[in-house]
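Please read the structure below before turning to the comments.
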């Protein structure tokens, strides 16, 4: 009876958290559409200019931030299970860097292929390559947490060096595009670019539904096989899903770090590590975090706006340092 009550209490806590996050997300979304350089009133009729501002500028940007936030948070939570490392995150371990390098190569050598589909394909290939490299090294070399992080940092440095070299071989327009992808931003996202969202959203939903499978993987390969899990097939599907989400996120908004690290970790600390419940809340909380961060980026400067990646890094870096200190014994 005590166990039943404990389980019921845990379920109620997850439900209350879900309702709270949904309410916060909807409130922030409404605020996002109303505030900016031109503030709008929800209680008065909007002019044609104000309607165009919302439908053509703010709403596509809002949806882009939400999709990227959900994608990175779910990808981060999945990557942590896949690598067996709570400090794994697409930006920290270099997966986002791989996507950015592939896009830089596309912009420099194939500038005529300037379309969301081409950006998506290049970013997914780069993210897939770096994800495969990390998984193979983590499994074959039995890397500890510290060494895996060092490998990820090294991959990030390598991708940063490639992008820096690209600066010197690009014209002014190319340089501006490269800076855009490097620093992360959803400014100027159009409805046409949301073709990428049509790829990301189904993958997010599919990964959210894999929570039970991830819970079995956390028990170890032996137990997972006994429970009927095809380890090889599941791992490849998860790798491809992570690459698709990271690639779509980088193609849509550039390199945005720490979302996939902060969101799953804080949810695990407060609500537990059951992936069946963690993944949907990670998607919701990731969307809430990035929409809020982009709102800060829009309002922080009176004459302009901050890059979204700068805001998320400012918020996430201290938490990452705290996590490193907290996990120093296992490192």
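A Cβ is built for glycine as well, from the same backbone N, Cα and C atoms used for every other residue.
Taken from Swiss-Prot, the feature transmembrane segment covers 20-42, 62-84, 91-113, 117-136, 148-170, 190-209, 240-262, 277-299, 306-325.
Here the transmembrane segment (277-299) sits apart from the transmembrane segment (91-113); fewer than 3 CB pairs are under 8 Å, leaving out pairs fewer than 6 apart in sequence.
The list of residues near the transmembrane segment (117-136) in space but at least 6 beyond its ends in sequence, with Cβ under 8 angstroms from a Cβ of it, reads 79, 82-83, 90, 93-103, 105-106, 110, 148, 151-152, 155, 195-196, 199, 235, 239-240, 242-244, 246-248, 250-251.
The recorded stretches the transmembrane segment (240-262) and the transmembrane segment (62-84) share 3+ CB pairs below 8 A when only pairs 6 or more apart in sequence are counted, and are therefore in contact.
Here the listed stretches are 20-42, 148-170, 190-209, and the one with the most C-beta pairs under 8 angstroms to the transmembrane segment (62-84) is 190-209.
Counting Cβ pairs closer than 8 Å to the transmembrane segment (91-113), the top stretch among 20-42, 148-170, 190-209, 306-325 is 148-170.
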